[in-house]
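*Asks:* A single structure is presented below for examination.
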Amino acid sequence: RTETVAQKPTYGPNHKDLIYMCPFNAAVKGKVLITNYRLYFKSSDADVAVTLDVPLGAISRIEKMGGASSRGENSYGLDITCKDMRNLRFALKQEGHSRRDIFELLFRHAFPISHGLPLFAYVTQEKYEESGWDVYKPVEEFRRQGLPNNKWRISFINKGYELCDTYPTVLAVPYKSKEEDLRRVAAFRSRGRIPVLSWIHRENQAVIVRCSQPLVGMSGKRNKDDERYLDLIREANETTKLTIYDARPNVNAVANKATGGGYEGDEYQNAELIFLDIQNIHVMRESLKKLKDIVYPNVEESHWLSSLESTHWLEHVKLVLSGAIQVADKVSSGNSVVVHCSDGWDRTAQLTSLAMLMLDSHYRTLRGFEGLIEKEWISFGHKFASFPTAFEFNERLLLTILDHLYSCRFGTFLYNCESARDQHVRQLSKTVSLWALVNSKTDIYLNPFYTPESGRVLYPVASMRHLELWVTYYIRWNPRIRQQQQSPVEQRYKELLALRDEYLKKLEELQLSDSTPSTRLANSSTPNTSSSNSSTPSQQYTHLQTPF
């Protein structure tokens, strides 16, 4: 098991005077243990039960608080900023550099690459029945979509990542395009990220194509090969006008010309360009920082709505959701689309993956969703509301993915693109896939209300009046919110699943009691498939356990 073997306790002092400045319970005395995976704190006061369990990968900054001559109670210690909306403060006694050891250990193991240490994912020894590394196979996924066909072909031109070092090796491109065409188009697209197919509509053959911005520059350069290539995409299903969705605000796209980028102008005949006004990552980060300030540690309810509005977070969410709806609607009505932002690996992936979730019910299953993340985010490179019956998985899966995006416990999200992962393939082969964990205990991630269906397009309402903050993620560290939000839902899920199993068992008993003696005799000579299918298989749980 991971931490009993791979995770070594590196620091476990019996500091009675180590204090966690808990924003919900004031100052709490306790003990801290640091391993190469996590920081664990447990209060020593029997009246105040407080525990912290923080993967070191979730730490973004560690700062010393106060100095040896600082005055005031609990003014000397450490201030830890986390990527999961938390800030943690620990106070120690001001004697003999008492925080030096804990600071140095945290700093080394929270930022291992900077200190020449292996990432925890490389030393973990978790074992699961399924590896999880093959949940997405590009050729099989394209076959599921009905490719290749007489309009689209599978290309291996990027096998050695010569065409584009941040793209996967397997690409779907227009059937009429030649390999030399692809190379010329790559020279005119930022980072060589040419337009390639992400998804095709089985009935009307309309496609979602993703790419990066064209390298137009201030002089307004043209590239006949790029223009012809986009027309091949349009011709594939005889779309009258190819719709190009540029995720950026118009003004940003114009400004990008100064750095050699830009957008598709009037020279792209039979095409229309629509800007979706989604801000860049710097604006998003600033908005998230403002959101963090109002949700942690305390929520001021008297000014909650105005405070939330001032962060502009839901406005950004609305614009992404609205853009994805436009993409899905256009494709559903038989028109092919091209989606890009600047480099095509953050806003672009948000738009394509959300549109694909709306259009294709396969991606709303547990394994389909795993494949979608592998395909649109991990494979195509990325710097790393609810439809109650449409999704096979619940929000716990989303929380698990977000938490382990930073935890460094799994190899799934290491590195920025497929080529970088291939360079470290020997090391990565020693890591565990996040999907191995998820698929080893799927029962806790399944939505009991799920109704399988196909062919229906989901159209969420992208209106500020209907959008709500994801409380169970952004405000989950508040004890009051946790009691109100998480526990009843989790309990209800368990009750419903237990009730379902009970009804299935009763139905099986009734079917057996109704069968005639001859039927029972015939059944006894063959395996009872109904019984074997309805019984719950024993699940293999691998828990992380730290020796204290």
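In case you wondered, yes, glycine gets a Cβ from its N, Cα and C as well.
Bear in mind that TrEMBL entries carry predicted annotations, made automatically and left uncurated.
So TrEMBL lists these for the protein:
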- Cys341: active site, phosphocysteine intermediate (ACT_SITE)
- Asn280, Ile281, Cys341, Ser342, Asp343, Gly344, Trp345, Asp346, Arg347: substrate binding site (BINDING)
- 523-538: compositional bias 'Low complexity' (COMPBIAS)
- 132-474: domain 'Myotubularin phosphatase' (DOMAIN)
- 311-357: domain 'Tyrosine specific protein phosphatases' (DOMAIN)
- 514-548: region 'Disordered' (REGION)
*Asks:* For Asp343 (substrate binding site), just count the other CB atoms lying within 10 A of its CB, please.
*Replies:* 19
*Asks:* Excluding Asn280, Ile281, Cys341, Ser342, Asp343, Gly344, Trp345, Asp346, Arg347, please set out which residues of the same chain place their CB within 8 Å of the center of the CB atoms of the substrate site, keeping sequence order.
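*Replies:* For the substrate site, the extra neighbours are Ala247, Thr348.
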*Asks:* If you average the pLDDT over the domain 'Tyrosine specific protein phosphatases' (311-357), what number do you get?
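*Replies:* So the average pLDDT across the domain 'Tyrosine specific protein phosphatases' (311-357) works out to 96.
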*Asks:* Measuring Cα to Cα, how many angstrom lie between Arg347 (substrate binding site) and the residue listed as 'active site, phosphocysteine intermediate'?
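*Replies:* Answer for this pair: 6 Å between alpha carbons.
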*Asks:* Need one number for the substrate-binding residues Asn280, Ile281, Cys341, Ser342, Asp343, Gly344, Trp345, Asp346, Arg347: the maximum pairwise CA distance in Å, whole number please.
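*Replies:* Largest pairwise Cα separation, rounded: 12 Å.
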*Asks:* Within 10 angstroms of the C-beta of Asn280 (substrate binding site), what count of other C-beta atoms is obtained when all protein chains are considered?
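*Replies:* Excluding its own Cβ, the number within 10 Å is 16.
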*Asks:* Counting across all protein chains present, how many other Cβ atoms fall within 10 Å of the Cβ of Arg347 (substrate binding site)?
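*Replies:* Result for Arg347 (substrate binding site): 26 other Cβ atoms within 10 Å.
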*Asks:* Relative to the Cβ position of Trp345 (substrate binding site), how many further Cβ atoms are located within 10 Å?
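*Replies:* Excluding its own Cβ, Trp345 (substrate binding site) sees 23 Cβ atoms within 10 Å.
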*Asks:* Kindly report the helix/strand/coil residue split of the domain 'Tyrosine specific protein phosphatases' (311-357) according to DSSP, in that order.
*Replies:* 32 helix, 4 strand, 11 coil
*Asks:* Could you tally the C-beta atoms, other than its own, that fall within 10 angstroms of the C-beta of Cys341 (active site, phosphocysteine intermediate)?
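*Replies:* Result for Cys341 (active site, phosphocysteine intermediate): 28 neighbouring Cβ atoms inside 10 Å.
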